[in-house]
Amino acid sequence: LATHSLFLTMFLVFRNAVLETEVTKVGCRMPAARKTGTTIVGVVFKDGLVLGADTRATEGMIVADKNCSKIHYISPNIYCCGAGTAADTEMTTQIISSNLELHSLSTGRLPRVATANRMLKQMLFRYQGHIGAALVLGGMDCNGPHLYSIYPHGSTDKLPYVTMGSGSLAAMAVFEDRYKQDMEEEDAKRLVRDAIAAGIFNDLGSGSNIDLCVITKGRVDYLRPHDMANKKGVRTGSYKYKRGTTGVLTKTVTKLDLEVVEETIQTMDTS
Amino acid sequence: MNTRGLRSQLKDSVPVTGMGQHVGAYGVQDTLRSGFSSVKNELLPSHALELSEKNFQLNQDKMNFSTLRNIQGLHAPLKLQMEYRAARQIQRLPFLQSSHLALDTLKGNDESISFEDILNDPAQSEMVGEPHIMVEYKLGLM
């Protein structure tokens, strides 16, 4: 499906690179990419795995999206959380999802997590870290539950519990304290919820709600939101002034005489 | 697709083709076809990945062919390249959109989606090539 327009595609990338250097000389700034300073985690339990993420997207020091979805669909049995530049994680996961779908149609089998992992790491290494996507990939296939963490330069780790993003240290502290092998589903969900909450309350780049995704054999529970940790407050009083608060001294009414000059009817083209 | 062969294969895949302009008649650069030239653009890449991406497919093919030659013998890459050449000639006139279906199927690109398929859709392109000049260039009359 590749066309021969690869060179033209690259032209825009090089143009942007040149612009970046020229624009700073004139004194302007390039617009900041929207990042998801984030807390994303994954943990393997007895019959599957749980992925968790917060829902705040930041643009510099401002919250750009209070409820963004960071757990992306890759295939019916594989989901991926993304940290880093929001557009990069979105597009990368969508491309890999499409390629995995084509691949699984070609093989006739359910896709494996190791396939998704290899596709992702080869693509990220090809672009030498310029694609800022740090991912937590997890899924259930014929060989059981698998959890990978993938870094922007293309290195991957296969582990029973992983955290990524700016809140990863806070979340990892919770994991290191309470992780046990072969947990039950409810314990794993509670552990992930607490790890994300630690990231939300201790890291400025993470906030708002907690999303969970539980993947077991034949069943995926996408719980969005699982826990609204930061509900916006409700105003307790009304701050509007009642009618009559300001006394009226004088009142003059001027009638504006408008005469109808022309009346046209334009019918909508609903064909 | 990204098979990394034996380390000895590496020396075959490091071409640093320059970013030179098209050279027209009399050896001067062809402003009509490639725009105004700037010496800096020709000498230095404007992005760290420019050279790597420009030659990516070329290097992949070289590495794969050389691995194939070492495993199966000279006939394998020879036959494949012959088929590529034949498939590459199946195109429409230069200014029309060719589907490259045979070439894509041979290369395995019919089973993968990448940035070339999503970005820069030729149907949305704002520039249209002048048909007569493109055909004359292709036939070598220009």
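Heads up, the Cβ atoms here are built off N, Cα and C, so glycines get one too.
Just so you know, TrEMBL annotations never went through curation; they're auto-generated.
Features reported for this protein in TrEMBL:
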{"type": "SIGNAL", "residues": "A:1-20", "note": "signal peptide"}
{"type": "ACT_SITE", "residues": "A:Thr38", "note": "active site, nucleophile"}
{"type": "DOMAIN", "residues": "A:229-265", "note": "domain 'Proteasome beta subunit C-terminal'"}
Per the Cβ under 8 Å criterion, with at least 6 residues separating them from its ends, the domain 'Proteasome beta subunit C-terminal' (A:229-265) contacts 197, 200-201, 207-210
Checked against DSSP, the composition of the domain 'Proteasome beta subunit C-terminal' (A:229-265) is 0 helix, 0 strand, 37 coil
10 Å Cβ neighbour count around the residue listed as 'active site, nucleophile'?
-> 33
